[in-house]
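Trainee: First, the structure itself, so that you have it in front of you.
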Amino acid sequence: MQTSVSAMRGSALVATTHTARTSTRATRCVAAFDARRWASVAGVGLASIGLTLTANAATVKLGTDSGGLQFDPETVTISKGDSVTWQNNAGFPHNIVFDEDGVPSGVNVSSLNHEDYLNAPGQSVTSKFDVAGEYNYYCEPHQGAGMQGKVIVN
Ligand SMILES: [Cu+2]
């Protein structure tokens, strides 16, 4: 019983927040205030709400804003079950390749790799990481230029 009630409350909060994002600045302030009041009524700390609403994901640019052949940032740290999205930025085509010796043992790299070249501006791909550890990867076209990155999964 208690679980379903709190699930409903969670949904209500997400709806409120979504509305706030698409509204004017003034409305957003009001909505934030409402959320704070809601939090105190429900006995939920604002800190925990913040954690819940923070997207559990990281985004990595393919090529730096200045055109460098690098992943930006080169290292991202996420939690188990989170995803990483790579987005074409500059100097493409790029791709995302993990080798078996660069990931935790037993991880199937074919579920992480995006070997097809990303050719279009803004094109993106996403992989989900379910096993803790360090994952090293590189871009095949620019491996010789040192385009490599790391995902740390806690
Ligand atoms: Cu590349």
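Any Cβ shown, glycine's included, is placed from N, Cα and C.
Unlike curated entries, TrEMBL annotations are predicted automatically.
Annotation source TrEMBL lists Cu cation binding site at H94, C139, H142, M147. What TrEMBL records for 59-154 is domain 'Blue (type 1) copper'.
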Trainee: Could you check the binding-site residues H94, H142 and say which one's CB has the most other CB atoms within 10 Å?
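Mentor: The largest 10 Å Cβ neighbour count belongs to H94.
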Trainee: Average the per-residue pLDDT over the domain 'Blue (type 1) copper' (59-154) and send me the rounded value.
Mentor: 97
Trainee: Could you say which of the binding-site residues C139, M147 has its Cβ with the most other Cβ atoms inside 10 Å?
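Mentor: Answer by Cβ density within 10 Å: C139.
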Trainee: Please work out the helix, strand and coil residue numbers for the domain 'Blue (type 1) copper' (59-154) from the DSSP assignment.
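Mentor: Final tally across the stretch: 9 helix, 43 strand, 44 coil.
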Trainee: Around the Cu cation site formed by H94, C139, H142, M147, which additional residues qualify by having Cβ within 8 Å of the site's Cβ center?
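Mentor: The surrounding set, listed in chain order, is L62, G63, L69, Q70, F71, G91, N95, Y138, E140, P141, Q143, A145.
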